[in-house]
Structure formats: structure tokens, C-alpha cells
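Below: the structure, in C-alpha cells.
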Amino acid sequence: MIIEPKTRGFICLTAHPTGCEQNVINQIEYVKSKGEINGAKKVLVIGASTGFGLASRITSAFGSGASTIGVFLEKGPSAGRPASPGWYNSAAFEKQATEAGLYAKSINGDAFSNEIKQQTIDMIKEDLGQVDLVIYSLASPVRTNPNTGKRHKSVLKPIGDVFSNKTVDFHTGNVTEVTIQPANEDDIANTVEVMGGEDWEMWIDAMKEAGVLADGCQTFAYSYIGPKLTEPVYRKGTIGAAKDDLEATSFKIAEKLKDINGNAVVSVNKALVTQASSAIPVIPLYISLLYKTMKEKGIHEGCIEQIQRLYADRIYGEDMQLDEKGRIRIDDWEMREDVQAEVDKLWAIATTENLSEIGDLKGYSDDFFNLFGFKVEGVDYDADVNEVVEIPSIS
Ligand code: NAD
Ligand code: NA
């Protein structure tokens, strides 16, 4: 079929297999171009199909020659209905890894459940014995807690006060004022349930108990801080409360891994266009101004550049350069004073009329469509493609 983007608000309902495959190939080429990283050889990535998790899987495999198991929740294709992008990404990744002689298997299911954890442990036991790196990169709006059976929904709201600021509809470029009512206690608790650290700890507990964590095993999860501008709706909002919890959990896990010489650390990553971040009000406007500024300064990075640098310079570099709260700061270039000062200046004057000039609206929009395999250079979108693509280890 001919597959075209079909957007509804912040989501795109279709994805292009050839475009997704090309994205994966481009990321692999980037990692290879940066040279070998002396990293882990047996790696589990939880949330491995898109964004930072996919970039982590690619960097482990093609930077360090690692065997990888990827866990994710994606929708497979059926005749006439394309799969979700993470499905096509994972199919392309497995194909490329296998061609390169690398072990790669995937598990498609709910990572929050006991069943998927057990299935993953069984696969590790059978195929790899143990893993020496676990990347935790889930982003989800909902979680069913397997201990209580209760389903929780996260929300993106400020805590305490009503928040009003500018935002942009990146499809139209319309800059408007958005007002968000503050969260109640349940909202906060639910968001922490979904995006906090409990599930990360449950994974590590289950894996340690099963003996599938190798001596010296490290685990990393990803967080975000961002500027003052977005603080009320991000870091000091409900999602920030969940990130506080995630970061606090890293110390609990690190303690539990001491006896196997392991470690658990959070990496604070840069703001990027992903399916998750497009849905957060105010953030798209911030990102479009940030992209413009960082591109002008020659320091713009996407997921793969971020994770390649995270591995090469921090995790497997001389020094993780932890901040005063024990976190890796690979958001260092985003948070640079000159970058933030410029974004502040642009933010103050941003309007519908000037945004395409002072902000990188096109870069935002292109990145958004790229997530779904559209607008990828070199792909012939007029060509007939087979939407039914299998993930080799799953079919
Ligand atoms: P993403 O949406 O691109 O990836 C989410 C991944 O989680 C996908 O692989 C998806 O399949 C998987 N997933 C979701 N629900 C699942 C479930 N129930 N079971 C199994 N898999 C499931 O998100 P992302 O932006 O790469 O985010 C990953 C992490 O990075 C998050 O913790 C996020 O907060 C953090 N982060 C994001 C940004 C940003 O700007 N995007 C910045 C810093 C940190
Ligand atoms: Na991810």
C-alpha cells in the first residue's frame, strides 16, 4: 500500500516501514562512525523500540557489539493497517543486528506486568545466562500495578498553582496561551505510580532474585530537568514528582546491587521530540526555540547523538561526572547558560507571526514526522510498500 501520515492532534496514526528502517540504519551508521565503545556485551533494554531506548539498544549493539534483548509495547500490522513505528523500528533493528552477526531478540508486551518480567528472565537464562547492563527507558501514560491490579493514569499538571504560559500547535505554528489547572493528590500519586521508580526496582529485584544480573551489572534510567520556563508543568509538576521518585529509587537499587558490584544511576537527558514529549503543553514551543539556538551554536543532538555521548563519555568514559544529586548530566549542553539565556530572550518575544523565523518550527515538525518514518531523506513515499513486516524473533 501507499502509506501517508494521518495525524490526530499530537499523534500520528500511521507509520512507514521503509522510513522507520532508514531511521534505524541512519542511527546505526552514526554509532559506527563514532568508533568502538568498550561497553557491556549482554544488554537488556526496557522500552527499546523508540526514542532514547532504541538509541540505547543501537549504541550497545553497534558501538560495543552487544547481544541485546529489547522489551516494548507496540502494535503489530495487519493487512491494510500499518504497525506502530516502534514495531517497524524493532523489525529493522533485528534485521540489521542479525546481518551484523549480533544476537537480538525482542519481547512485545506490558513491561509493568509480572508475566513479561518472567518471560524476559527466561529468555536471558536460556540465551545469555546473565546481562551486564539494564537500560530502563519506559514512557507510558498508564500502568497496571501487578501487586494491586489497579490501573493508574499519569497526568501532566502543575502542582499547587494554576499555570499559564505560551504554547504552540506545531502543526499550524499557532502560538497561544494555555492555562492548566493544578493537580490534586490523586493525580500526583497516579503519575508517580506510572512514571516513578517502583517498576524499575521491581525489574531489578526480579532479575537479581533469578540470578540473571552479572557481577558488575549496571542499570540506568532516564530523567529530565529542563529550564525555569517549563518548571511548573514539568520538573515541579506531576511528572517531576515521578522523576524525583525515579531518581530516589536509583539509590535504593544501587544499594541492592552493591553485593554484586553493580550500580544504578539516572541520566538526565536533553529535551527532544518524541511521542511522549509532544503531548506535554509548553514543551513543543520550548523545544522549537531550543533547537534553533542549539543548531545555530552547532551543538544540537538527537536521541542517538545523546546516547552515543552518554555511553562513550560518561558510562564507559573516565568519569560519569555526577552532579550534586548523583545524576549523569548529558543535558549539559541544553542547560548551558548561553543557550538558556538565548531561549529566554526568544521566549519573551515569540508569537505566531515570528515563530517560523525565531524558532525551529520546521525542525520540530520534521522530527515529529520522522518518528513515524515520514519525511525521511532518501525514502520514496510514492512506492508501494508491504505494511505487514514481521519482527524476526517474534513471528
Ligand atoms: P518513547 O515514547 O520514545 O519510548 C517509550 C518506550 O516505552 C517505547 O519503546 C514503548 O514501546 C515503551 N513502552 C511504553 N509502555 C510500555 C509498556 N507498558 N510495556 C512495555 N513497553 C512500553 O519515550 P522517550 O522520550 O524515549 O522516553 C524514554 C525515557 O526518557 C522516559 O523516562 C522519559 O521521561 C525520558 N526522557 C525523555 C526526554 C524527551 O525529551 N523525550 C528527555 C529526557 C528524558
Ligand atoms: Na525509549
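Just so it is clear, glycine is given a Cβ too, placed from its N, Cα and C backbone atoms.
According to TrEMBL, the active site, proton donor annotation covers Tyr234. If you look up TrEMBL, you'll see 47-52, 73-74, 110-111, 138-139, Lys243, 272-274 marked as NAD(+) binding site. The substrate binding site annotation in TrEMBL covers Tyr224. The annotation domain 'Trans-2-enoyl-CoA reductase-like NAD(P)H binding' is assigned in TrEMBL to 2-78. The domain 'Trans-2-enoyl-CoA reductase catalytic' annotation in TrEMBL covers 81-316. Feature annotation from TrEMBL assigns domain 'Enoyl reductase FAD binding' to 322-385. Annotation comment: TrEMBL describes Glu74 as site 'Plays an important role in discriminating NADH against NADPH'.
Structure with TrEMBL features highlighted.
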| residue | record | Cβ within 10 Å |
| --- | --- | --- |
| Ser49 | NAD(+) binding site | 27 |
| Gly51 | NAD(+) binding site | 25 |
| Leu73 | NAD(+) binding site | 18 |
| Glu74 | site 'Plays an important role in discriminating NADH against NADPH' | 22 |
| Asp110 | NAD(+) binding site | 16 |
| Leu138 | NAD(+) binding site | 22 |
| Tyr224 | substrate binding site | 21 |
| Tyr234 | active site, proton donor | 25 |
| Lys243 | NAD(+) binding site | 25 |
| Val273 | NAD(+) binding site | 25 |
### Message
Taking only the residues in the domain 'Enoyl reductase FAD binding' (322-385), give me the average pLDDT of this model.
### Response
97
### Query
Compared by Cα position, which of the recorded positions Glu74, Tyr224, Tyr234 is the closest one to Ser49 (NAD(+) binding site)?
Glu74
### Message
For ligand 2, list the binding-site residues among Gly47, Leu138, Lys243, Val273 whose CB atom is within a distance below 6 Å of it, in sequence order.
### Response
Gly47
### Query
Can you tell which of the binding-site residues Gly51, Asp110, Tyr224, Val273 lies nearest to Glu74 (site 'Plays an important role in discriminating NADH against NADPH') in space, using Cα positions?
Asp110
### Query
Would you list the DSSP helix, strand and coil counts for the residues of the domain 'Trans-2-enoyl-CoA reductase-like NAD(P)H binding' (2-78)?
31 helix, 16 strand, 30 coil
### Task
Between the residue listed as 'active site, proton donor' and Gly47 (NAD(+) binding site), find the distance joining the two CA atoms and give it rounded to the nearest Å.
21
### Task
Could you state the whole-number distance in Å separating the C-alpha atoms of Leu138 (NAD(+) binding site) and Tyr224 (substrate binding site)?
13
### Task
Can you check which residues sit near Gly47 (NAD(+) binding site), meaning Cβ under 8 Å from its Cβ, same chain, 6 or more apart in sequence, and list them in order?
Gly53, Val71, Phe72, Ala111, Ile135, Tyr136, Ser137, Leu138, Ala139
## Note on the structure
Of Tyr234, Lys243, Val273, the recorded positions with C-beta less than 6 Å from an atom of ligand 1, in sequence order, are none
### Summary
Taking only the CA atoms, the spacing between Lys243 (NAD(+) binding site) and the residue listed as 'substrate binding site', expressed in whole angstrom, is 7
### Task
Whole-number Å only: compute the distance from the Cα of Gly51 (NAD(+) binding site) to the Cα of Tyr224 (substrate binding site).
14
